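Single-structure report; data block below.
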Amino acid sequence: MRAKLEILALVLGTIGLVGTIAVTTMPMWKVTAYIGPNIIVMETMWEGLWMACIRQADINMQCKVYDSLLILPADIQAARGLMCTSILLAVLAVLVSVCGIRGTECCHDDTRGKNVVLLVGGCLFVLAGLATLLPVSWSTHSIVQDFYNPMVVESRKREIGQALYLGFATFMFLLVAGVILLCRYGPRHRKDEEENKSYIPVEKDKVGMSVLGRIPSYDSYRKNQYV
């Protein structure tokens, strides 16, 4: 059961890694909000971390990479760095967790080393999840704040895109994977210590028995006492 939980955490963490990469590359962070009186929708505009895309009714979608980083709002600039950091942490978490799972060749029979590796992998998954949650929450807050701000013109108002919803789901995958590994570290660490302690008295008994076996036995009875 312990091995199955560790494998489950690794699978969830890998899904979180794929989700983090998808959220970072998807342009659907901000979507055009149609709140005007015109019900005829001619085009849809998407804004992401790296590019902006426009899809019209009669042509295919066209995307353009941002020309300058300085023209982007603060939430997008911060989201770039945090999402790249999240991808790096998730990759390290997957690699470290693979080394800490039972049955791997890393650390061989060093159970204490595997426990420490397992703990580090769980912490990395949690940090990767937090690094994903922060930019997603910040962008969501900015979109909602601008949407209800009467000073912002309707053409500049945006709605929450699909990438942000995927970002929240990715955070949950990474968080659950990290929590599973952290929860498995405590019982596994204590059980390994109990197993190691259980062998110590046995070894001492063997040593004592070997010493007793080497002590020569002397006959305390005299020969004249025998009949």
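Keep in mind that glycine also has a Cβ here, set from the backbone N, Cα and C atoms.
Annotation comment: TrEMBL describes 7-29 (among others) as transmembrane segment. Long-range contacts of the transmembrane segment (7-29) within the same chain, counting only residues at least 6 positions beyond its ends with a Cβ under 8 Å from a Cβ of the stretch, are 46-53, 63, 76, 79, 83-84, 86-87, 90-91, 93-94, 97-98, 101, 122, 125, 128-129, 132, 136, 139, 161-164, 166-167, 169-171, 173-174, 176-178, 180-181, 184.
Per TrEMBL, the feature transmembrane segment maps to 78-104 (among others).
Per TrEMBL, transmembrane segment is recorded for 116-140 (among others).
Positions annotated as transmembrane segment by TrEMBL: 160-183 (among others).
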Other same-chain positions with a Cβ less than 8 Å from the transmembrane segment (160-183) and lying at least 6 residues past its termini are 5-6, 8-10, 12-13, 15-16, 19-20, 22-23, 26-31, 46-48, 90, 93, 97, 100, 118-119, 121-126, 128-130, 132-133, 135-136, 139-140, 143-144
